[in-house]
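Participant: After the structure tokens below, expect a handful of questions from me.
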Amino acid sequence: MQGLSFTFSAVTLFLVLCLQLGIIESQDDENVRKPLLIEIDVPSTAQENQEITVQVTVETQYRECMVIKAYLVSNEPMEGAFNYVQTRCLCNDHPIRFFWDIIITRTVTFATVIDIVREKNICPNDMAVVPITANRYYTYNTVRMN
């Protein structure tokens, strides 16, 4: 009977070890799909009154589509295309490029903001997801005037 008890203990220990390894592997951040991957192309310097283009490329690792809004926010008042809010449907394997042409009159720091939103009539058949963890992504850029 004592040998049977030892066998159960060894089996139990082995199962606990397997479960622990499985849990740790499932929590690995490298295997988690990212809702948004953002690449920003903006010059770091510009001449006074020079028009520059801010280009933002957004893609997703999700299999489902999502509705995203992209816009720029600045510490200084800006005019024109800088204030445009662009809304698009983002799907896997189809990156989206947003463009803003802005005129630099002084050194400016701005945020590029991407919101994942619930909005109808953007994605086909209104089939889109919104992640539970986060729905706003942003990054800061500075364009210095020469």
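Backbone N, Cα and C define each Cβ position, glycine as well.
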Participant: Quick one: which of Cys18, Cys89 does Swiss-Prot link to Cys123 by a disulfide?
Facilitator: Cys89
Participant: Could you state the whole-number distance in Å separating the C-alpha atoms of Cys89 (disulfide bond) and Cys65 (disulfide bond)?
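Facilitator: Answer for this pair: 7 Å between alpha carbons.
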Participant: Other than its own, how many Cβ atoms are within 10 Å of the Cβ belonging to Cys65 (disulfide bond)?
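Facilitator: Here the count is 20.
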